[in-house]
Amino acid sequence: MLLDKTIAELAKGLRNKEFTSVDLIEECYQTINQVNPKINAFITLIKKPDVLKIALQRDAQRTSSSSPLHGLPFILKDTYNTKGILTSAASHVLNGHISQYNATVYQKLLDAGAILIGKMNMDAWGHGATNENTDYKPVKNPYDTSRVAGGSSGGNAAAIAARMAVFGIGEDTGGSIRNPASWNNITGLKVTYGRVSRYGCIAYASSFDTVGPMGKTVEDCALVLETIAGKDPYDATNSPHPVPPYFEELLNISSKDTVIGLPKECFSEGLDLEIKKSTEVAAKELESLGFRIKEISMPMLTYGLAVYYLIAPSETSSNLGRYDGIRYGLGREYFTPETRRRIMVGTYALSAGYYDAYYKKAQQGRTLFIKEYEKAFTQCDVLLMPVTPHPPTRLGKAVDDPMQNLLIDVYTVTQNPVGVPSLALPCGFTATGLPIGMQLVGKMFTESLLFQVGHAYQQVTDWHKRKPNLIEAA
Ligand code: GLN
């Protein structure tokens with residue numbers, strides 16, 4: 001399949017006229033028609049004739065200096081505004097909401113010549129870890145359709161794994177890129193807070209929200225990040241920090257000078273044994289590549305869920321206040337039970353009598369996380385952690401037990417309050433064939449380093465190449 005290729009391989013093939021963007025689009029739509037009915041990854045699929053028209057233009061416009069993303073089909077989580085197209089956040093509150101303008105991340109990809117083929121299913125407003133909190137029916141895992149795809153960027157991850165698009169843009173507030181990436185055997189990056197503009201992205205928790213790439217490999221994510229990162233006057237939280245040539249720098253690393261820390265708190269009670277084993281084996285592989293592995297301790301991580309699940313609902317209760325049926329949207333009665341719970345928790349935590357006891361306490365916890373990470377990075381350069389405590393749940397399980405939905409985030413909720421970047425990438429499979437991922441966490445703005453370590457790992461392993469049987473069966 002053409003879609004098995006990396007972005008760099010596709011760009012080369014297109015340049016050498018071995019195939020065209022039209023061929024890529026034809027292949028995508030064939031796969032989508034065969035596989036999507038089994039996994040429900042799309043909310044909006046752009047009409048094929050419209051996409052083919054653009055692909056023809058891209059083929060005609062291609063020059064030797066075109067972006068590597070020129071003419072490549074991509075997808076967006078349905079939280080990004082796309083002029084003239086429905087943007088739903090997977091919620092009926094936004095029924096009929098046609099965007100009036102383009103999110104910066106989308107505009108940058110259009111400017112690079114990439115081709116949008118669809119807007120993807122997600123947990124409504126980003127609330128969830130299984131992609132079951134959606135008004136558009138759950139996304140199923142392409143590796144086992146009796147299980148969830150993960151969330152909240154589940155549609156993106158499932159579609160990329162199933163070769164329906166080359167890459168996608170997700171959003172991560174507390175794990176929403178990393179969790180589905182690891183449950184669908186793809187690579188995804190939660191960027192440093194402020195690295196990529198959030199202009200035009202529907203807000204969940206504004207001090208945690210990040211926009212990031214999802215793709216089959218580390219090098220694909222590096223190429224996409226290069227295109228979407230950078231200063232944007234429309235987003236005041238966006239950083240002017242220079243954007244390095246991430247792709248070019250992939251090999252610029254001295255493994256013997258890089259220390260990878262394993263926080264022991266992440267490998268104890270509550271972690272599925274197969275995930276523990278795979279992550280430890282991955283650490284051994286990295287060691288055999290010359291990296292230095294060191295066990296460290298980060299006891300504050302244990303408070304991650306408690307802190308996150310006060311601040312995130314507080315911010316979302318404030319952000320969702322505008323969808324009252326007067327200012328925006330159809331009104332509150334359309335919010336799902338999961339979203340209502342979050343609005344209630346957040347409103348309570350922010351209310352006059354409880355502010356000090358809950359919201360303020362959580363913010364103090366956040367400061368302690370920042371200190372904990374600072375301390376960890378005096379002992380190592382990169383942290384290696386699991387992404388999720390267990391493999392993808394069976395459909396329905398997390399809906400019946402909402403606490404379960406929150407516990408899934410245990411390893412992914414402390415990075416967002418701190419702002420540090422984290423790269424999730426495949427590191428194995430369970431005995432029953434379910435994907436396992438790990439995450440590499442670095443200091444602020446060390447995306448290059450994370451890519452370098454992840455890329456080195458993907459050069460000697462081929463977990464990321466194992467695609468769902470579903471495609472072959474189609
Ligand atoms: N699962 C987490 C939550 O529900 C993370 C969501 C996200 O990153 N958007 O809050």
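Positions of Cβ are set from backbone N, Cα and C atoms, glycine also.
Pulled from TrEMBL:
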- 23-450: domain 'Amidase' (DOMAIN)
- LYS77: active site, charge relay system (ACT_SITE)
- SER152: active site, charge relay system (ACT_SITE)
- SER176: active site, acyl-ester intermediate (ACT_SITE)
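Annotated features taken from TrEMBL, shown on the structure.
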residue : record                               : DSSP (3 states)
LYS77   : active site, charge relay system     : strand
SER152  : active site, charge relay system     : coil
SER176  : active site, acyl-ester intermediate : coil
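When the active-site residues LYS77, SER152, SER176 are checked against ligand 1, SER152, SER176 have a Cβ within less than 6 Å of one of its atoms. Calculated from their C-alpha atoms, the gap between SER176 (active site, acyl-ester intermediate) and LYS77 (active site, charge relay system) amounts to 11 Å. Cα of SER152 (active site, charge relay system) to Cα of LYS77 (active site, charge relay system): a span of 9 Å.
Every protein chain shown contributes to the tally, and the Cβ of SER176 (active site, acyl-ester intermediate) ends up with 36 other Cβ atoms within 10 Å.
Long-range Cβ contacts of LYS77 (active site, charge relay system) within its own chain (separation 6+, distance under 8 Å): LYS119, MET120, MET122, SER152, SER153, GLY155, ASN156, GLY168, ILE169, GLY170, GLU171. Within 10 Å of the C-beta of SER152 (active site, charge relay system) we count 34 further C-beta atoms, all protein chains included.
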